[in-house]
Amino acid sequence: MGKLSPCTGRSRPGGPGPQLPLLLLLLQLLLLLLSPARASGATQPPHVVFVLADDLGWNDLGFHGSVIRTPHLDALAAGGVVLDNYYVQPLCTPSRSQLLTGRYQIHLGLQHYLIMTCQPSCVPLDEKLLPQLLKEAGYATHMVGKWHLGMYRKECLPTRRGFDTYFGYLLGSEDYYTHEACAPIESLNGTRCALDLRDGEEPAKEYNNIYSTNIFTKRATTVIANHPPEKPLFLYLAFQSVHDPLQVPEEYMEPYGFIQDKHRRIYAGMVSLMDEAVGNVTKALKSHGLWNNTVFIFSTDNGGQTRSGGNNWPLRGRKGTLWEGGIRGTGFVASPLLKQKGVKSRELMHITDWLPTLVDLAGGSTNGTKPLDGFNMWKTISEGHPSPRVELLHNIDQDFFDGLPCPGKNMTPAKDDSFPLEHSAFNTSIHAGIRYKNWKLLTGHPGCGYWFPPPSQSNVSEIPPVGPPTKTLWLFDINQDPEERHDVSREHPHIVQNLLSRLQYYHEHSVPSHFPPLDPRCDPKSTGVWSPWM
């Protein structure tokens, strides 16, 4: 006699058949196999380690042909996917805010300059950040290093924005050894210097005279050592290197005695020390059993600062500009989970793309975010699929001022507030830039447009462009002219008009820039530590 079906109670001939618990188990296995995290080939969501360098130039790594020795980074890049058409923002705060929100700075109110020490400003508190989304997906989230996304209120701090732990500094730059940052205080008619180093939300006062890259590497490797491999990890390691001030232990400069320019020589040592630090982090991932299920990402936040040893040759411009030298990012992905390795990707990508890419890879959801400007790039990176991104807004800043003018210049060129009839879609006196496929349009004053050859390797320190200083519109075919030497706006007026129309669209859909006056209440005189003051 047949047995009773547990589902219906009816007689079923031919033996026992599958029971309900077994069916549920098979269904769970099927759902697991179809999840985004399984798409990488991992048995669980992958660990994500994101290393962000500060002010690292295009010509500052070995795999871009630099004389600076970076064997660990070179090896990781050679075994991974080099992002050769990858863009960041010209300055610290804009890149970091777009990395963690997946949204353009025109949608955050952060399109003008960066967050100053005493400004009552931070990434809007109603924005959901990458670590919050990864926590919801079951990740442990840790941050080490530079924040620079605002700290005037405790609600702005990393530990209030999704990170389980934080060790680092909150402002834009500081001394590598004393960990003190200096900023203007209006009531002093001068500057105040105070400690800017925290463990969680408490001041970390016991690290004086210890080089910051070494401190941050030690904390990162400790996080890795203490992390259970079965739980997914997100580690955001934002090095101080290689932002000024130019400081490094003497032994790291010794291999670069052939570099005559002192700034470049110190800078080279700083890059080499950072390269060694990256090697120590990847060594820790391997020795503690995490590497085989890790996606390791390396990126700069903006182009190199040529006034402080950095170099972007042969690209035009530098940090703070919309020229390629300011925004074309050095970056790569290394991971055993990549389906293609040892390749160079020419697919268009932007720093806003990391949030949707990593959240999807983690099996998480972006449903709680505001509309994203980033795209999921994992199949592009891992498998070589075409990029879903064809357009990229570099920025629109109608209040732009040139804080880093060309050598011998001391002001931003005067604006012409008229709307030339042939370019009526957008006011071309406004500082703006947009990319569509291979085309890049710039308007207004993009920043210093010189080319800067590597120091000590050329008879000239800079090469100025030829053309009127009042020029406010350029079009380049970046695929054919990555050095931005040939303006082709006159040859392609229809492309100019289309891109100006797109700039006007973005301009109309942007939020007002939030750049409040400095608040004298920020003064850390009473505590000696830069801290929230509101």
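Backbone N, Cα and C define each Cβ position, glycine as well.
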Q) What is the disulfide partner of Cys522 among Cys92, Cys118, Cys122, as given in Swiss-Prot? A) Cys118
Q) Since Swiss-Prot lists Lys146, His243 for substrate, which candidate among Lys286, Lys319, Lys339, Lys341 does it give for that site as well? A) Lys319
Q.
Test of record reading: of Asn367, Asn410, which one does Swiss-Prot tag as N-linked glycosylation site?
A. Asn367
Q | Record Swiss-Prot, residue Cys406, disulfide partner from Cys193, Cys448 | A | Cys448
Q. What is the disulfide partner of Cys122 among Cys156, Cys182, as given in Swiss-Prot?
A. Cys156
Q. Which of these, Cys92, Cys193, shares a disulfide with Cys182 in Swiss-Prot?
A. Cys193
Q. Helix, strand or coil: which one is Cys182 (disulfide bond) in, per DSSP?
A. strand
**Q.** Chain-mates of Lys146, His243, Lys319 with C-beta within 8 Å of site centroid, substrate
**A.** Asp54, Asp55, Cys92, Gly172, Ser173, Gln240, Val242, Asp244, Asp301, Asn302, Gln305
Q: Have a look around Lys146 (substrate binding site) and count the other CB atoms within 10 A of its CB, chains all included.
A: 27
**Q.** Other C-beta atoms that fall within 10 angstroms of the C-beta of Cys522 (disulfide bond)
**A.** 22
Q: Excluding Asp54, Asp55, Cys92, Asp301, Asn302, please set out which residues of the same chain place their CB within 8 Å of the center of the CB atoms of the Ca(2+) site, keeping sequence order.
A: Ala53, Leu56, Leu91, Ser95, His243, Thr300, Lys319
Q: Between the Cα atoms of Asp54 (Ca(2+) binding site) and Cys406 (disulfide bond), find the distance and write it as a whole number of Å.
A: 21
